């Protein structure tokens, strides 16, 4: 008997499988392979019938009022309370009392007896300030007959006003001392500016005395001396050295405060400007101070030459 080839073996296996499938054993064999043959679980979903205990323990909802409303063509939803209108009695509130109560709550000084007295807490505070405004330090303490307005602004405005209280103090003695300190700093600033101005004037006048003779004195002929350009070179060199030194000086000196237009704008609206742009504007204000000083020095030179040309000396 000859051995079967591989193709014949595969053919016999296919025929056996077809015979098994034709006998209906394919589904059982598939379940055996997938492991579902020994599963005891049922695919039917049992329906749960309510027990007697559940029906007896359930809370019965009142339906008599609901049926009455439905029969009377009422909307049952209208009986549900609105959280937004809770506590609203239908009367229009007084706007002044509403604003005063909002300020009192934000300041944390609610006075339950203020409504009984007829005067809100906020109004009493302002009236006390006005009553004590003519005595003492403009009503800055209890001794002056009023209250400290910084305390009021701090309670209403928050941390930004608190910085002002830290700067000026909370007691009359601290306020008076800090006022004197601020006035002293302003005086020192003015003295410093005066010294800088004197130094500039001395340098410019000395330069004009030494080099100004060689410069032309006539504004009509516009003639120049042979070494007249040396004055401008020395003047610009000294200005460059002076302006550079002054820039580093005013950057490190806290007592020096400039009165430029940019600084005034920063003092007014600095809180609304981002920190990056605020630093750039502060640097620009220093350059503006230097530019104004240079223009002032140049104007002195022009005025001196104009006077010499006019009087011809």
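For all residues, glycine too, the Cβ spot is worked out from N, Cα and C.
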Quiz item: Per Swiss-Prot, does residue 176 fall on the same side of the membrane as residue 281?
Solution: yes
Quiz item: Any idea which of 171-190, 231-250 is down as transmembrane segment in Swiss-Prot?
Solution: 231-250
